[in-house]
Amino acid sequence: MTNSIESISLIATYSAMAVYTLSFILFTVDLAGRVATDGQSKPTRWLRSAMAVLVLGFVIHVAADVTRAISAHRVPWANMYEFGLTATLVLVGVFLGINIWRDVRFVGAFVSGFAILALGIVTVNFYVAVSPLPPALQNYWLVIHVCVAVLGTGFFATGAALSASQLFQHSREEGKLQSRSWRFLSAFPSSESLEALAYRILVIGFVFWTFTVIAGAIWAERAWGRYWGWDTKEVWSFIIWTLFAGYIHARATRGWRGRPAAILSLIGFGAVLFNYGIVNIFFKGLHVYSGL
């Protein structure tokens, strides 16, 4: 029974990838249409269809995550595959949730494209069959620590998409990127508006990441008898925290605006990806069970 549910989860994951791919195509077609109208067209049926398809993909993705949890009899974020599966789900969920507050559909191609890439990588390279948790992970702090880490990662990814859009828009406003292929940027908000929105979202991600570090320290004390042990994963988690703390501080008190702030936020998200993809695979430490 467990194996069949696990198979359903994997099928749902591939199905979500297929639906996200269709959504990405529709978002791209919408952007291509805006090129033809110099970015002045109103939201088209392509954009509305892209969002509807993305919601469908999100629902299927939820089913993949839930069935994985049912088959494992635990929360679905105990290894790299499960963390990637859940973090990508949170990314799409954060994007959909933000659209209730602000219309950010213009970065839909970034979000859906990243979701496809992330799901493809974790499914092809990191998939492992359901297995029991190691003793150190059999603790309610697993739920708290990794849950806030997943949420933080989702907000960081969304903020990074907005920061990347800000850089493109800023270059366009400076008189660069004036070729026909960049006309879709006329439909984007100003770089200043993109920066302000990215800042708010990254602050939320930073709050979640702060709780990630704190919960990790408490869990480490319960599991290994110390709050901090200079484990590679601990060090990189703190580096990420420091980068985003520096970003928030510099922007709030030192007047960092425009390109420098966007670049720093992208460096911070790059550190998040490095912490997940490189540290888990190539560095030894107490967090090796989160890999393969």
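Yeah, the Cβs are placed from backbone N, Cα and C, and that goes for glycine too.
Here is what TrEMBL records for this protein:
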type: DOMAIN; residues: 79-287; note: domain 'Cytochrome c assembly protein'
type: TRANSMEM; residues: 12-33; note: transmembrane segment
type: TRANSMEM; residues: 45-63; note: transmembrane segment
type: TRANSMEM; residues: 83-101; note: transmembrane segment
type: TRANSMEM; residues: 106-128; note: transmembrane segment
type: TRANSMEM; residues: 140-162; note: transmembrane segment
type: TRANSMEM; residues: 197-220; note: transmembrane segment
type: TRANSMEM; residues: 235-250; note: transmembrane segment
type: TRANSMEM; residues: 262-283; note: transmembrane segment
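Per-residue confidence over the domain 'Cytochrome c assembly protein' (79-287) averages out at a pLDDT of 88.
Beyond its flanks by at least six residues, the transmembrane segment (140-162) meets 75, 77-78, 83, 86-87, 90-91, 93-95, 98, 104, 107, 110-111, 114, 133, 194, 197-199, 201-202, 204-209, 211-212, 215-216, 218-219, 222, 244, 265-266, 268-269, 272, 276 of its own chain at Cβ-Cβ distances under 8 Å. Of the Cβ pairs linking the transmembrane segment (45-63) with the transmembrane segment (106-128) and spaced 6 or more residues apart, 3 or more are under 8 Å, so the two regions touch.
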